[in-house]
């Protein structure tokens with residue numbers, strides 16, 4: 001029996017060692033790919049990559065609620081403030097309502113604490129066919145948006161819009177009833193017009209604090 005056991009140990013030894021090495025390599029690889037197991041989803045990894053290497057905004061044309069056209073990167077750099085960006089369409093009665101309420105609260109916080117020179121807000125509609133400057137202006141009025149702090153815009157051209165949505169990780173799908181199903185987040189864009197951080201809606205306070213820290 002001893003000889004059999006010794007034989008088994010001798011034959012299994014290299015196999016066990018190899019298996020352990022493979023498992024260790026797999027763990028190390030997974031740790032590297034997921035930043036120490038912090039991010040397991042593609043979206044989480046994308047957000048971490050943006051944190052490490054902020055993405056310059058593309059030089060595409062936008063039109064704001066006043067009808068003014070300008071390159072998005074120049075529009076963001078306009079006055080040296082950090083910008084919080086969300087994506088909406090004005091006919092939305094679901095998640096866009098939450099975004100609107102959060103931006104209203106952010107606007108109130110900015111005003112109350114005298115932070116108007118540090119942070120501003122930009123809501124970009126992905127429904128340019130419906131959301132004309134006049135419609136955006138009406139929506140801004142309903143949101144009680146202060147034009148000194150909160151602007152609304154659409155992107156000129158379908159190809160440019162698709163490019164921007166991909167960069168920001170926004171997925172927009174027609175719902176079959178004239179509206180859209182879409183995801184949402186709060187995007188922090190620094191004073192160099194770079195997408196610097198992405199926060200979930202539940203982390204809005206962190207997004208605002210992050211924006212203020214970037215301007216400090």
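If you go along the chain as it appears here, the first residue is 1 and each next one adds 1.
From the backbone N, Cα and C atoms, a Cβ is placed for every residue, glycine too.
Among the residue ranges 12-33, 34-55, the one that TrEMBL annotates as transmembrane segment is 12-33. Over the domain 'Thioredoxin' (51-213), the average per-residue pLDDT in this prediction is 93. Around residue 96 (Cu cation binding site), taking its Cβ as the centre, 21 other Cβ atoms fall within 10 Å, counting all chains. Close to residue 92 (Cu cation binding site) in the fold, though at least 6 residues off in sequence, lie 179, 180, each with a CB less than 8 Å from its CB.
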